[in-house]
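According to TrEMBL, the features are:
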{"type": "DOMAIN", "residues": "130-358", "note": "domain 'Peptidase M24'"}
{"type": "BINDING", "residues": "H196, H294", "note": "substrate binding site"}
{"type": "BINDING", "residues": "D213, D224, E351", "note": "divalent metal cation 1 binding site"}
{"type": "BINDING", "residues": "D224, H287, E320, E351", "note": "divalent metal cation 2 binding site"}
Amino acid sequence: MHDASFGGGTSNIITVSVMMLSYATIIYSTQDCFKAAWASHKSVHTKLDALTAQQSPEGWQYCLRKGRTRTSQLPRFDWTGPLRPYAISKMRVVPDEIEKPDWALDGIPKIEPDSDLQKRVEIKTPEQIERMRETCRVAREVLDAAARVIKPGITTDEIDRVVHEETIARGGYPSPLNYHFFPKSCCTSVNEVICHGIPDARKLEDGDIVNVDVTVYYKGVHGDLNETYFVGNVDEASKQLVRCTYECLDKAIAIVKPGVRFREVGEIINRHASMSGLSVVKSYCGHGIGELFHCAPNIPHYSRNKAVGIMKPGQTFTIEPMINTGVWHDRLWPDEWTAVTADGKRSAQFEHTLLVTETGVEVLTARLPSSPDVYPWLKP
């Protein structure tokens, strides 16, 4: 906080730098003068130290460069809405006995980028499908555990802790952790954040909406899902946004069966969102999933997209529409992960991992009878 240097020679000047909003230099003429002023000087430091401790507990810093860098200062940025990043805690530890994906230690996926499954849509074997079912069930249980703790006053870091601990308790690895250096075990996207929000020290406030995106790596495969939740009492426009986004995913899933073109998914979603005066994000898409976290097919959620291919039995992929209250355009925060709406208005998202069957679709991450009752429109 401060740096004191005692001058030599006959002048015996003492210089003390005090950090407040900016550096100020106080010059004391003698040692006695410094001692006399020390009480008031110390009280300033005590207040500043307390303030700093509140803002940045030990080990908590802001994230930069996709998670490769930390800083103690709030980055400069032309923020699009009211939300700001807060400091993040240190990376959570995964026990040695948990099976890990190849990025767990150094942050770099090795198999995924060069796999032929980036170009070819895999048809899963019955054995792979069974592992996908198990993993997606685990992922659903973990997300439900996170949903149960959401309320005003809880931090998104605490949500991340729940996701991390519940994943490990079931023998899984939280797939986002250190994936391309992502520093946390899930994504928490609040209000104007579209996706990939980093859990941090900000407390959720009454009236917020928050998306929690969970992916679990278990038995060699990934299961991926997300939901957007209400925090306390939410305004009518946000309720309508979240419900419409839920319906967009629901309607998209309803058309999934062998022979359907992947590009049809975006037509269905765009039509429903547009009817409510909402817009569809174009920068982020659904994706193939299995032994790889992200692979073919690429599934855009907007209309007139150029997605190639048709659905076939044995394929597994996600559909995960991001729907905005205002414009569809996005901006990236300085952490190089957090995507926010360009106009600062709210965004919602829902996601499932799906299996194409001989006759239609199986929602591998479907809600369970034990899933928390958080959506009024699902009540009988």
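These residue numbers are counts, starting from 1, taken along the chain as shown.
Positions of Cβ are set from backbone N, Cα and C atoms, glycine also.
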Given D224 (divalent metal cation 1 binding site) and E320 (divalent metal cation 2 binding site), what distance in Å do their CA atoms have, once rounded to a whole number? 10
Quick one: Cα separation, H196 (substrate binding site) versus E351 (divalent metal cation 1 binding site), in Å? 13
Please tell me which one of the binding-site residues listed here (D213, H294, E351) sits closest to E320 (divalent metal cation 2 binding site), measuring Cα to Cα? E351
Spatially, and counting Cα to Cα, which of the binding-site residues is closest to H294 (substrate binding site)? Options: D213, H287, E351. H287
Which are the residues of the chain, D224, H287, E320, E351 excluded, whose CB is within 8 A of where the CB atoms of the divalent metal cation 2 site average out, their centroid? D213, L225, N226, G286, I289, T318, I319, H352, T353
Would you list, in sequence order, the residues of this chain other than D213, D224, E351 that have their CB within 8 A of the centroid of the site's CB atoms, where the site is the one recorded for divalent metal cation 1? C187, V214, T215, L225, N226, T318, E320, T353
Across the domain 'Peptidase M24' (130-358), the model's average pLDDT, rounded to a whole number, is 98
Any idea what the Cα distance is from D213 (divalent metal cation 1 binding site) over to H287 (divalent metal cation 2 binding site), rounded to a whole Å? 14
Tell me which residues of the chain lie with their Cβ under 8 angstroms from that of H287 (divalent metal cation 2 binding site), as long as they are six or more apart in sequence? H294, C295, A296, P297, N298, I299, F317, T318
In all the protein chains shown, the tally of other Cβ atoms within 10 Å of the Cβ of D213 (divalent metal cation 1 binding site) is 23
List every residue in the same chain as E351 (divalent metal cation 1 binding site), at least 6 positions away in sequence, whose Cβ is under 8 Å from its Cβ. D213, D224, L225, N226, E227, L249, G286, T318, I319, E320, T365
If you count the other CB atoms within 10 A of the CB of H294 (substrate binding site), including all protein chains displayed, you should get 21
